[in-house]
Amino acid sequence: MAEEKELVLLDFWVSPFGQRCRIAMAEKGLEFEYREEDLGNKSDLLLRSNPVHRKIPVLLHAGRPVSESLVILQYLDDAFPGTPHLLSPANSGDADAAYARATARFWADYVDRKLYDCGSRLWRLKGEPQAAAGREMAEILRTLEAELGDREFFGGGGGGRLGFVDVALVPFTAWFYSYERCGGFSVEEVAPRLAAWARRCGRIDSVAKHLPSPEKVYDFVGVLKKKYGVE
């Protein structure tokens, strides 16, 4: 029974949203049980746990479900305050901390609204619409690089380590190769500092353990193309 475990994650191997949760729990040193979902035949547990959206990831904490990856990340900060924070701790009356939290949330939302959406269109489209999506993706990556600046990590929790934005964005680095192949550009050329950040993150144990290889992701994209008749 999932309710007997402290933390259980209902997930799918290639989902960047589920990977966020896995990386966050690894960064916090939290042990959890991973349960792979068949998205073509979703489990009763998943459907009961997320009846509104009926999708992964879902975190079960002592049997209580928490849905939506960015919500889960913030929940982990709140539920396990003794672990490293992804967001700057909320201190009453601390305007700087409040601003840092708001900024981190903005950029995590940007990743979901812009990068994920554009990435999905890249493999679904053909011809000039696909090329236009490739140009859009290049601009999105440049925008993220500008926000990163000369910092080692985006931060959000402080301390020169992975923060909220890093954990939100880093799973998509496993998709960079697919974006390049579909969009006709090079991440290294359009956003070299962001590419360096991706390599730096990839050397961190919590990231390396939970991200699939770019080649495996590209193979999965090929399966999706065939499934939806794109090829």
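Note that Cβ sites are derived from N, Cα and C of the backbone, with glycine treated the same way.
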Glutathione site partner of S15, K42, E68, S69 (as recorded in Swiss-Prot), chosen from I56, I140: I56
Residues satisfying Cβ distance under 8 Å from I56 (glutathione binding site), sequence separation of at least 6: L10, D11, F12, S15, F17, G18, E37, L39, L46, N50
Tally of residues which DSSP labels helix, strand or coil - the domain 'GST N-terminal' (5-84): 29 helix, 17 strand, 34 coil
Span of S15, K42, I56, E68, S69 around glutathione - largest C-alpha separation, Å: 18
The domain 'GST C-terminal' (97-220), counted residue by residue under DSSP: helix, strand, coil: 98 helix, 0 strand, 26 coil
Segment confidence, the domain 'GST N-terminal' (5-84), expressed as mean pLDDT: 97
